[in-house]
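Presented below is the structure to which this report refers.
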Amino acid sequence: MYLVESKGGAIACMLLALLSLGTWPAILTLLERRGRLPQHTYLDYSITNLLAAIIIAFTFGQIGSTKPDSPNFITQLAQDNWPSVMFAMAGGIVLSLGNLATQYAWALVGLSVTEVVTSSITVVIGSTLNYFLDDKINKAEILFPGVACFLIAVCLGSAVHRSNADDNKAKLRDFEMAKQEASGPSPEIETNSSKDLETNVTDGTSTKPKEGTARFLIELENKRAIKVFGKRKIIGLAITFFAGLCFSLFSPAFNLATNDQWNRLKQGVPKLVVYTAFFYFSVSCFIIALILNIGFLYYPVLGLPKSSFKAYLNDWNGRYWAFLAGFLCGFGNGLQFMGGQAAGYAAADSVQALPLVSTFWGVVLFGEYRRSSRKTYLLLFSMLFMFISAVAVLMASSGHRK
């Protein structure tokens with residue numbers, strides 16, 4: 001079995017996990033914006049997410065000879081370690097619920113803000129729990145200032161969402177006014193407002209709308225699977241906070257599974273190695289995702305159309321992208337746990353700075369915050385600055401498990 005034993009190796013795992021865990025949400029968001037039902041996408045994603053855990057278990061978990069205190073993956077499957085297994089599976093359940101909630105929050109709140117708020121809540125609650133579970137191996141004088149930065153980022157993220165929502169409302173209001181003027185008695189007269197919004201309302205939409213314009217927002221609403229116009233902002237934020245609470249619990253549960261701080265294992269039974277725990281963690285994550293999403297096929301939420309399992313099997317539009325997202329998430333979580341086993345799970349929660357990556361994809365791929373107000377840009381910059389500070393401080397707090 002391969003174990004990360006150095007602080008440098010642990011930080012490398014965290015950085016790779018940060019890239020992977022910041023990228024897969026962008027892929028699922030892209031599919032939703034193209035009109036693919038989130039139930040179909042999440043079922044595909046769940047398959048490869050589990051497959052990634054199996055690959056990690058049968059490779060890293062089987063490297064080298066087995067030892068009494070650190071058995072290989074297959075050896076440990078037959079051992080009486082069910083108390084730890086239950087902690088691992090509990091972590092998988094809350095992660096699955098959190099991931100399922102975020103795919104709806106991405107549409108209602110936006111990729112960047114959703115990732116900021118959920119990740120910040122994860123660090124504020126999860127890192128505090130992990131600090132005490134890890135017997136305080138992380139430097140408190142460094143760790144908790146980093147946690148404070150994430151807490152500030154939660155507030156800034158909420159402010160960005162409100163400001164950007166107000167900007168979009170203003171764009172749509174101006175668009176409707178320009179459209180009414182253009183359809184009046186003097187259609188030849190084109191107003192400055194219609195020029196700014198790139199509306200082309202007098203002769204139809206002959207050109208592709210620019211990102212951030214009212215026409216862009218309207219065309220996006222027409223194509224996407226989850227309709228957001230008319231939805232109350234509080235619904236998206238409530239889903240986001242629920243997801244953040246779920247995310248904050250999965251890492252402490254995994255920590256308990258691999259380190260048995262509450263002494264639930266029988267004497268002589270070795271602790272779960274990170275690869276065995278991750279396998280059980282991913283199995284429960286898959287089972288919950290399968291049950292809930294099959295249910296959502298027939299009883300959808302947020303006004304989505306009904307589907308069926310047969311329709312899901314026949315829907316190959318974007319399936320390979322969903323498979324890729326599952327692999328990225330699976331390997332990202334595995335790397336996070338490998339790094340956490342060496343440097344402490346509180347420090348490993350620094351991968352929750354993944355909104356830095358997600359915001360990059362949100363701006364580049366989806367045109368988020370294009371043509372927004374100066375206030376929104378200032379809040380966005382402040383939010384990202386807090387995240388950069390937080391990830392640096394959190395990584396600096398990492399200790400070494402004895």
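Using N, Cα and C of the backbone, Cβ positions are placed for all residues, glycine too.
Those TrEMBL annotations? Automatic predictions, nothing curated.
Quick look at what TrEMBL lists:
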- 6-30: transmembrane segment (TRANSMEM)
- 42-61: transmembrane segment (TRANSMEM)
- 81-101: transmembrane segment (TRANSMEM)
- 108-130: transmembrane segment (TRANSMEM)
- 142-161: transmembrane segment (TRANSMEM)
- 178-208: region 'Disordered' (REGION)
- 234-257: transmembrane segment (TRANSMEM)
- 277-299: transmembrane segment (TRANSMEM)
- 320-339: transmembrane segment (TRANSMEM)
- 345-366: transmembrane segment (TRANSMEM)
- 378-397: transmembrane segment (TRANSMEM)
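Long-range contacts of the transmembrane segment (277-299) within its own chain (CB-CB distance under 8 A, at least 6 residues past either end) are made by residues 39, 42-43, 46-47, 49-50, 52-54, 56-57, 61, 73, 84-85, 88-93, 95-97, 99-100, 250, 254, 257-258, 306-309, 311-312, 330, 333-334, 337. Counting Cβ pairs closer than 8 Å and at least 6 residues apart in sequence, the transmembrane segment (320-339) and the transmembrane segment (142-161) reach fewer than three and form no contact. In this chain, the transmembrane segment (42-61) lies out of contact with the transmembrane segment (378-397); the count of Cβ pairs under 8 Å, excluding pairs fewer than 6 apart in sequence, is fewer than 3. If one looks beyond the transmembrane segment (234-257) by at least 6 residues along the same chain, the residues whose Cβ comes under 8 Å of a Cβ in the stretch are 84-85, 87-88, 90-92, 94-95, 97-99, 101-102, 104-105, 107-109, 113-114, 117-126, 129-130, 133-134, 158, 161, 272, 277-278, 280-281, 302, 336-337, 340, 345, 348-349, 352. Beyond the transmembrane segment (81-101), the same-chain residues lying 6 or more positions past its ends with a Cβ under 8 Å from any Cβ of the stretch are 42, 46, 118, 239-240, 242-247, 249-254, 256-258, 260, 264-265, 269-272, 276-278, 280-286, 288-289, 292-293, 329, 333.
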